[in-house]
Each structure stands twice: as C-alpha cells, then as structure tokens.
Ligand SMILES: NC(=O)C1=CN([C@@H]2O[C@H](COP(=O)(O)OP(=O)(O)OC[C@H]3O[C@@H](n4cnc5c(N)ncnc54)[C@H](O)[C@@H]3O)[C@@H](O)[C@H]2O)[C@@H](O)CC1
Ligand SMILES: [K+]
C-alpha cells in the first residue's frame, strides 16, 4: 500500500470527484458511511456518542456521521466548535441536513463544554488533513478537555492537531485518540513512534478513491500490509534440493554471548536456507553443536572472540554481528571479511557498532549490504536527529550515500532501500522488544539472502515475517511472556 503526502491526498480527492465522477458532498457521504460501518462492527447502541465538529470537511464528516448514526438508533449529541466564522461548503450542506434531525450545540468558549459520564464515545471531527498550523485558542482548550474526558476517543481520518506528513512540535496540542479511522491510505504520521499516543489503534477504511490516481502517484513511502507481504514469497519447487536454497554463513557470538549465535542460527535454519554454517569462538563450539545439530560449526582459533573466518567460497550469503563484541581482533576480522566478500551481506548489532567506531569500513561495504540497526545503533552510525521524520531523512540519505539497505528497527520497522524508498512494516508488537529478537531477524535475513531473494525483497519480506512470527508468539504466550525463541518457533510461510 502506498503512503501519500498531504498534497497528493488533496489531489486524490479532487481526481476522484472529477474522474468518477462524484460530487464532493457524495464523497463525504461515502467516507462517513465507511466510518459508520467500522463503528457499528465494534460498538452497540447502548453507548452514547458526542461528536465534536470543526468547520472544514473533517467537521462535515462529523456531521454526516452524526446523522447516519442517529438514523441507526445511536444516541448522538453534536457540538460545533465555533473557532472560525468560515465553514466549508460540504460542512454547510451537511449542517442544514442535520439541524432538522438532531439538536446541535455551538461552543464559543471552553466552559461551555459538556460534562462527560464514564462509558461514553467521543468522535473527534475537529480538524483533519487540512491542518496548516498548530491549534491554539478555543480549539486548543477544547482538545485539552477532550483528552481529559473519560471514555473512548475515536478520531475521524487523523487526530485533530496532528500533521499528516511532517513532525509536530513537542508543545503542540493534539487529540490522543484510542482509535483513528483513516480514509483510504495510512498516513506517514502513523508510522512514527513519536506519534503513537496521537494515533491509538489506527484502521484504514476504503472510501473508493481513484485507484488509477493512487497507482500513478510517485511516492517514496510504502506500507507492507499482508497483500504486499504475501506477494514476496518464493515458493519451494517440488524438484528442489538443499543446494537450491543456498548455503548461509553466520558469524556470531563471543564468550557470554553464544546465545546470540544460537538464536540467529536457529532463525536462519527455520527460514528455509538449504545449508547453514555458523562461525563461533572456541567457547561456543559445544553449545552450538547441541543447540542446533542441523548446522555445521566453524570454530575460531580464539577461545572467546571471533578473530578469523574460513574460506568464503562455498557460501551464498553472510550474516555477521550478533554478540560478536568489539575486540580489536574482531574488528580486523570484519575488515578482512569486507575485503573478501563476494556474496550478499547483512550486518547487525556489534558489527554495526564497529562500523560506527571505524567509519572507514563503511566505504568497503558491498553494494546493497543490509544494515539492521535499532534506533540507538543508527544514532551511533549516522548521528543525532531532532525527531523521527528527521531521522528517516537521515537514514534515506545514508542509504543512498553508502548504497546500503537499512532496516531501522522499531514499531513499523522502516526498510530503507538504496534509492531512498521506505517500506514501513505492518507486523510485530511490543512483546518483541526483548533480548535476542534482533538476532532472530539477522538469521531470517541471512537465510533469505542465501535463498536468492534480492536484498530489497529479503529485507522487506524478512522484516514482515519476523513481525508476523512475533504476532503469533504474542497470541499464544502474551506480549509479556514471549521471548525471542518463541518468535523462531512461530516462523513459517
Ligand atoms: N476532500 C474530500 O473529498 C474529502 C475530504 N474528507 C475529509 O476532509 C478532511 C480535510 O478537510 P479540509 O481540507 O476541509 O480540512 P480540515 O477539516 O482538516 O480543516 C478545515 C480548515 O481549518 C483551517 N485550519 C487549519 N489548521 C487550523 C488550525 N490549527 N486552527 C484552526 N483552523 C485551522 C484550514 O483553513 C482548513 O481548511 C479530511 O481529513 C477528511 O476528514 C472526507 O470527507 C473524504 C473526502
Ligand atoms: K479529526
């Protein structure tokens, strides 16, 4: 699924109105019906509803939603916040239809806000994608009161006060919804962890906007939903043999961190690689043999750290980093590996930290190497950023400059390709914020590269499957109890 910017969203509405053709009033009606359909599936008529409307088209949606819900037997109160004399045409038209049906209260000052009882729904239709400046004055006061009110807040299209595609300031006043029901496409703002409290659980509803316009729109931003994820699977042919699926090679572990080698190797083996060799320091030999009899073990001459590696000729992809530490001899081994490697590579964890401390190594990275930093590792690698939009730009520039693919890990992990395209991941959950889950991703990615997935597809698909396995693990064990091994247990496609 594509993610479009605010201008494209406006053009997409206009293109739909012109090409379908449909009147803007009827398009608003269709959007409101889609919202109500979502609402009806979750809430019964027992809960009373207060709808807060601004005076643009988001407010117009609020009015249409109020009318449709009332017609379905819901108890709805409507409040119009009179922060401006101007109102949009479709707002006005909807107002005329609603006025005859429901009593409307106009709010001119904050103290006129109603008192709320507990089990109550607030629908936020104050401002939508038309937001052009931080909210202030009456609107700001109203938003603060709504955020303090008990009950469930549902934002129409986007939380009022939140920008669609750029960063808000920390001081901005924004609705904190429990749910956002957004029209047609997810918004860039939803992908940023900094906005988690301003999106709640968000849901995309189809309002039939111009498919061709969306297809033809150029954007660097994509969302890997299920249909995008499913398209990337390579099927396993009947007459294949283990050679078909490549020979993965993982360098991982140091004294006290052999677990990282175990986790990444097990994840690799469970992701379809034909053969797997794992290189560990001597202290990891028995642990590895016992933990993963399916793998071949290559043993370093050093007891506690990786200081060398075997001939690379037979390997089809290499993953390095989990638990390797940053000893000088390990740095030298990484340097030598970069000199010799001729197959796809994934670099993670301590190997990334080594790159941060030895930036000269960055120039030696083969084209389309995958780097999988979490935010702290990325910061060490590329420097500070003022907010997450800024960090994303930094990552896009970094990916283009060094010709690498970056998996910036977190909620909605961003997979950034060498051309600056960003694929946000839809799967995964907070239960995966647990030791070793990054090692599991390294194993999956190494495995996919060995199976000749392109580095781009390996990164997008690997991140997607890692999250999906995490979701299955959380379902079975809960987010609290799940550990990285549970992610491995739930791999499979
Ligand atoms: N255009 C269309 O065809 C459709 C639009 N839809 C709705 O329309 C919304 C966008 O509507 P609008 O473009 O009218 O914009 P909004 O309803 O978001 O905002 C209304 C107006 O408020 C003003 N404004 C911006 N920031 C403000 C601030 N901080 N304080 C006070 N006033 C401010 C602007 O002049 C803006 O035009 C979408 O979010 C969606 O809810 C839907 O009905 C679907 C179809
Ligand atoms: K809103």
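The first residue you see is number 1, and the count goes up from there.
Keep in mind that glycine also has a Cβ here, set from the backbone N, Cα and C atoms.
Keep in mind that this is a model prediction, so the values were computed, not measured.
Positions annotated as (6S)-NADPHX binding site by TrEMBL: 57-61, 128-134, 157, 260, 323, 374, 439. Positions annotated as K(+) binding site by TrEMBL: 58, 124, 160. The AMP binding site annotation in TrEMBL covers 409, 410, 411, 412, 413, 438. Residues or ranges marked as domain 'YjeF N-terminal' by TrEMBL: 9-215. Annotation comment: TrEMBL describes 225-493 as domain 'YjeF C-terminal'.
Annotated pair residue 409 (AMP binding site) and residue 160 (K(+) binding site), C-alpha to C-alpha distance, rounded: 28 Å. With a cut-off of 6 Å between Cβ and the nearest atom of ligand 2, the binding-site residues 58, 60, 124, 410, 413, 438 reduce to 58, 124. Looking at the residues that bind AMP per the record, 409, 410, 411, 412, 413, 438, the two CA atoms farthest apart are separated by 14 Å. Closest in space to residue 413 (AMP binding site), of the binding-site residues given as 60, 129, 157, 374, is 374, taking the CA atom of each residue. Nearest by CA distance to residue 374 ((6S)-NADPHX binding site), out of the binding-site residues 58, 124, 160, 412, 438, is 438.
Listed in sequence order, 54, 58, 124, 125, 126, 127, 128, 131, 135, 139, 143, 174, 175 are the same-chain residues six or more apart from residue 160 (K(+) binding site) with CB atoms under 8 A from its CB.
Most buried of the binding-site residues 124, 157, judged by other Cβ atoms within 10 Å, is 124. Separating the Cα atoms of residue 132 ((6S)-NADPHX binding site) and residue 412 (AMP binding site) is a whole-number distance of 26 Å.
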